[in-house]
Amino acid sequence: MESLASQARPAAVLWLAGFLQAARLHRVVSFCASSRALSIRIAQCFLLNGLIFLGSLLTLKSVVIPALLWILPEQCNQMGGQHLCDHKAAIAIYSFLRSGLVEIFYVFWFYPLYVFSFILSTLWYNDIAKHALDVVKRKSLDSTRALNAHNITEPEGQPEGFDRVALGIGEQVYSILLLTIFFVEVSVIGYVPYFGKAMNFLLLSLMYAYYCFEYKWNFFAVSLNKRLEFFESNWAFFAGFGAPCVLPIFFFSPLTSYGLMAILYPLFVLTAAGTQAEQLIDEMKPAHGGKLQRIPVFFVAKRLTTQVLQLFPVVQKEE
């Protein structure tokens, strides 16, 4: 209990610091003012996911469904003729037709739009992060100053040429597989009784925070081992940073929450690009008076990822 109490203060301080960093959405204005290409991508995200996707949902719920209820009423007293009330099958047929027409609307509009939005938004998020980090790098005096500002050092003995490309591809494959397994893990935990929802919220916050900062870590060539070590050592900060991004999941329907998150996510990518997390965490150590213990957030995902990769044969390099 004493050990748990000693961790409560640093965890709370760092969680709040991460939350406040995520809430600094004024950085979005600064980034957009510095890059026209970035402003266009942000506007496109709002147009696709806000006006078109969420607008379609609003149209369905406020126009299409009420119109169907007026044309095909669900109660007997709303029908035009009393003779229809004498036939119980009429109400059942009307209900079937309403449900069928709404499902057609989903199958031929919302689900294709969802897939199209997901693919296109994923490409745009990469562009948004790249343009934002170009701004960060451009505002520094030189590339060395930019790396130092983010507490990133170039590793010694780093492979060059083809070996470096192969290492980069290998890390990307491992990272994608790791995060996919972690997402499945988070989803399963959400069904655990009593504390499942709370754990689901915490782990989703961590997952989205990692997504937001991964663009910057990739841009500055931070190794996978170093980013995982830093992330797990400062889990409370990243849990606070990711919390605002996942809140819509718990208050809206799945499609509505997707539309809202598709709008909010690029904004948090920009706030992550402008956050010097390493420097900020170091500066806050005197405030909480203790060192936060590392939690192996990705322990299960890393073990399963390793097991999956061991299923594939290793190609030995010829001398």
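Here the Cβ of each residue, glycine as well, is placed from N, Cα and C on the backbone.
Among the features that TrEMBL reports, transmembrane segment is placed at 46-72 (among others).
Within the chain, the transmembrane segment (104-125) has long-range Cβ neighbours (under 8 A, six or more residues past its boundaries) at 41, 44-45, 48-49, 52-53, 56-57, 60, 64, 215, 255, 258, 262, 265-266, 269. Taken from TrEMBL, the feature transmembrane segment applies to 104-125 (among others).
Sequence annotations record features per position, and here TrEMBL assigns transmembrane segment to 173-192 (among others).
Annotated transmembrane segment per TrEMBL: 198-213 (among others), in sequence order.
Marked as transmembrane segment by TrEMBL: 234-252 (among others). Residues 10-12, 14-23, 197, 201-202, 204-210, 212-213, 260-261, 264-265, 268, 272, 275, 277, 280-281, 292, 294-295, 297 of the same chain, all 6+ positions outside the transmembrane segment (234-252), place their C-beta atoms under 8 angstroms from a C-beta of that stretch.
Sequence-distant contacts of the transmembrane segment (173-192) (same chain, six or more residues past either end, CB-CB distance under 8 Å): 199-200, 203-204, 207, 210-211, 214, 224, 298, 300-302, 304-305, 308-309.
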